[in-house]
Amino acid sequence: MGIYLPIAEISVNILVLLAMGAAVGFLSGMFGVGGGFLITPLLIFYNIPPAIAVATGANQVIASSFSGALSHMKRGTLDFKLGGVLLAGGVVGSTFGIWVFALLRSLGQLDLFISLLYVVMLGTVGGLMLYESVNALRATRSGTAPTLKKSGQHNWIHRLPLKMRFRASKLFVSVIPVIGLGVAIGFLSSIMGVGGGFIMVPALIYLLRVPTNVVIGTSLFQIIFTSAYTTLVHASTNQTVDVMLAFLLMVGGVAGAQYGVKAGQRLRGEQLRALLALLVLAVALRLAVDLFATPPNLYSLSVPGMG
Amino acid sequence: MRPARLALLAVLALATAIPAARAQTPHEEGIQIGLSTDAVSITAGFSGADLTIFGALEDADPQIARQGRYDVVVVLEGPARPVVVRRKDRVLGVWINLESEQFENVPVSYSVASTRPFQDITQPDSYKQLSLGSNNIYMQPGDPEAPPTTIAEFTKALRQRKTATGLYSENVGGVRFLSQNLFRATVRLAPDVPVGTHKARAFLFKNGVFVKESSAQLEIRKSGFEQAVFRLAHNHGFFYGFLSVSLAMLTGWMGRIVFRKD
């Protein structure tokens, strides 16, 4: 069943998009991430122009993170103050990212940059997560209790000035790394079309030592705003948000997420993290192969001034 | 005084032209085409289509028609737009867009239908003179200083990409004579056919010699909803973005309600 996308200006299969949304929604519900890092590459594999895949991916992420943040708000596992500070940095990062996006697009190097960024980010995060979770799995097998958060143990981040208290997270920390993290996530969000959950979650846990139960809700909360801002700016400067495409992905995604959450509850934390790490690495590998393998078409056409 | 003099000139011209024409060809054939509609709408379900164009020969010689020595080529040409062709090259093992060449006024789409294979209708030179066929459209390079070999390479690549994506297509046998004078041409519209004013042209050949050409215009546009979305996105980007964000939040919220277990 075909459907014509008004902005991408191509005809695509509606069932493929719904299935894609559902599959990513399932995984995002299972792992507690927005799923943008999966949807954008999938759209690119499905021949959606990368510029549109990125902007539309950001739009789709809003739906899944909004629905997730709502349930965390109900359970009280959402630190609004921490989210707000992250968000302030996020807006700065997004604005800069969209400027870089437009620049790269006019140079014809956008696709390459997106792919490189994906390979590097996903490769790093996936690698670190796999290393950590395998160690945790080993520790559980040998009998020692897994310790994610070593209380009382501080790193260099906790010695920075401008400290602020975040009650819900039971945290007293400098705002500099929090804002810095926000800027980085905002930048990545606008260029990669991701919410940034797959970077935010480990960063909050390992760098800022935020309690794990607050991390996902807070990260989802800030992702809603970062990706909403990214969507708005992409829509008004690049006109690359395809609302029809985004809607189909959202519908599939929201439905898939519900089953993902149930599947996720049957697995242990470190098993989940190991699986997520493998998934992230698989996407990175697939994109890396595309960078190095001889492309089927050496030539590509584009409208001047556009990717 | 003036109109009368013009009329007189015209009569004189006719008087001299007719005997000359009569000496070479007893018949001066004409060709006409008609479109059943002057606008095609792309709807949500659009996935490419065949467009039928009807046409007629005027003053056709019945004997030549019987022997099938009339040939018709019909072209549907999309709006012309500038295009950048980029070539990937390997840098440190990674494929990167390096060289590029811009072309002005390249038809976005170009579908041809013909009665017979092109090489059987007329000489290659004749196609070239008429700029007929995707291989004979002149693509004006944006940088006239560029070396001719580079231009040739990128022009070839441009045609190949257009053909591979179905925007440039050939339909040999796509033109059929329904009677001695009447013909029907079927040209393909690709799934990503561009919106805008398309030009349909019909070329008549007799015994391999070009006789006459006729053209008509066709507007291809997105249907109501798709067009509205496109316009909104381009003219009121911020508002469109705002709507997209709201729709996403609404969908997320609805999802919670529909699937809520707690």
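Heads up, the Cβ atoms here are built off N, Cα and C, so glycines get one too.
According to TrEMBL, the features are:
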type     : residues  : note
TRANSMEM : A:12-45   : transmembrane segment
TRANSMEM : A:82-104  : transmembrane segment
TRANSMEM : A:110-131 : transmembrane segment
TRANSMEM : A:168-185 : transmembrane segment
TRANSMEM : A:191-208 : transmembrane segment
TRANSMEM : A:215-237 : transmembrane segment
TRANSMEM : A:243-261 : transmembrane segment
TRANSMEM : A:273-293 : transmembrane segment
Intrachain residues whose Cβ lies under 8 Å of the transmembrane segment (A:110-131), provided they are six or more past its termini: 37, 40-41, 44, 50-51, 54, 101, 104, 188, 191-192, 198-199, 202, 273-274, 276-281, 283-284, 287-288, 290-291, 307
Recorded stretches the transmembrane segment (A:215-237) and the transmembrane segment (A:191-208) touching, at least 3 CB pairs under 8 Å: yes
Most Cβ pairs under 8 Å with the transmembrane segment (A:82-104), selected from A:168-185, A:243-261, A:273-293: A:168-185
